[in-house]
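Enquirer: This structure is in structure tokens; I'll ask about it shortly.
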Amino acid sequence: MQDTPLIIGSRSFQSRLLVGTGKYKDLNETDLAIQASGAEIVTVAIRRVNIGQNPDQPNLLSVIPPEKYTILPNTAGCFDADSAVRTCMLARELLDGHNLVKLEVLGDEKTLYPNVTETLKAARTLIDDGFEIMVYTSDDPIIAQELESMGCVAIMPLGSLIGSGLGILNPHTISIIKENAKVPVLVDAGVGTASDAAIAMELGCDGVLMNTAIAAAQNPILMASAMKKAVEAGREAFLAGRMPRKRMANASSPETGYFFK
């Protein structure tokens, strides 16, 4: 069965796995893991990674060239709307007018849970300034709807806390967000292993974004390959339509036409 592309804002993608660039041991490992993942969208923390701000330091764009990947600047490390807006403005300047950004405004350093009040404020400002916003948010369906109605091009509810590896803790609310949404819904944060990615896709999500699950694995390149397969398998399972759940057994062999009685 031929799948449709993933459409985010004005862009089209074949891969439904998005990856980050943090926590790798060096740029070579970063490069190899991203290649193994098959990802087309690579997210970059503007406040933490050099993409041209410092000419004396290694430039991440040497291994993720913008002509090969869609670079998705993110506002990781921002705890209020103003700093998130400033970070997006810097990203646009560094990337020659690039308007697609991942907005995340965090509530505290312990949980890195999204501050939805500041997120809404920043999203409104950035959308008014012409940005296409993919937004990290809680798994609250009402907040997700509000972010979509104001013009965000993708909703990215957390599966569980950033870097926790706890998987999809509230699949029911993720499902509600997806059912209500008219823009792509991508699970962002909390994926720990391939089965978590497959579950997110089986719920009907349009994609999964991850970083630590790959970078912190004992073999990041192999894990990146596993995540690619998991996202593809989960997507195919969703499109195929799972069998209904039943309380009692239902024999797979026919009850008539026995050879022996």
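Every residue gets a Cβ built from N, Cα and C, even glycine.
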Enquirer: ALA189, GLY190, ASN211, THR212 show up in Swiss-Prot as binding 1-deoxy-D-xylulose 5-phosphate; which entry in GLY163, GLY204, GLY234 does that record put in the same site?
Expert: GLY163
Enquirer: Please compare the binding-site residues GLY163, GLY190 by how many other CB atoms fall within 10 Å of each one's CB, and tell me which has the fewest.
Expert: GLY163
Enquirer: Output, ordered by sequence, the same-chain residues six or more apart from ALA189 (1-deoxy-D-xylulose 5-phosphate binding site) with a CB under 8 Å from its CB, or 'none'.
Expert: LEU112, TYR136, LEU158, GLY159, SER160, LEU161, ILE162, GLY163, SER164, LEU209
Enquirer: Of all the binding-site residues here, ASN211, THR212, which one's CB has the most other CB atoms within 10 A?
Expert: ASN211
